[in-house]
Amino acid sequence: MRDAQAGALVEAFVVIGILTILVTRAYLHATGYPQIGGSTLHIAHALWGGLGMVVALVVVFSFLGALPRMVAVVAGGIGFGLFLDEVGKFVTQTNDYFFQPSVAIMYVVVVALLLVNRWIHDNRTQSSAEDLANAAGTAADGLIHGLTPERLARARRQLRRAAAAGVDPGAIAG
C-alpha cells in the first residue's frame, strides 16, 4: 500500500537535505571549519545527522497525522543532509572531508533516491484499496486537526475512484 502523499514528502526530504548540505558547507567555510570536541575529540556533523534521522523515525513511529510527518520530513532531511555532507570522510582512508568525488557521490545518491521515489509513486496509479486507505487516513487526521477544503476534496476524489473501481459502497458509506 502506497501513501498518496509520500512522493511529495520524499521530495521535500531530499530538498531539505540538499539545502542542509549547502548551508553547512557555507557556514563551515565562513567560520574556518571549526571542530566541536576540543583537541582530542572530533564530533562530526554526521553524528548530528544520524540523531536527526533517528528523531524523524521516532516521531513518525510514535505519532499520527500530517504534522508529525512534516516534523519527521524536516528532522530527517536535515539529518540526511548532515550525514551525506561528510561522505568524503567515509570513502577515503584519510577521512578527507574535501575529497573531490564527494560531490559526485552526493549527486548520485540524491538522484537515485529521487528516481526510486518516482518509480514507486509514478509507476502505476493508486489501487482502489490504496485510495480507500488514503481517504481513511485523511479522515482520521481530520478528526484530530480538522480538514482543509483541499484535503477534503482529495479524500472525496479518492473515495470516488475507489467506488468507480468496484469497492463495496458499504465500505465507503459505512
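Cβ coordinates are placed from backbone N, Cα and C, and glycine is handled just like the others.
According to TrEMBL, the protein carries these features:
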TRANSMEM  7-28  transmembrane segment
TRANSMEM  40-64  transmembrane segment
TRANSMEM  71-91  transmembrane segment
TRANSMEM  97-116  transmembrane segment
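The stretch with the most CB contacts under 8 Å to the transmembrane segment (7-28), chosen from 40-64, 71-91, 97-116, is 71-91.
For the transmembrane segment (71-91), the list of distant contacts is 9, 12-21, 24-25, 44-46, 48-57, 59-60, 97-99, 101-102, 105-106, 109-110: same-chain residues at least six beyond its ends, Cβ to Cβ under 8 Å.
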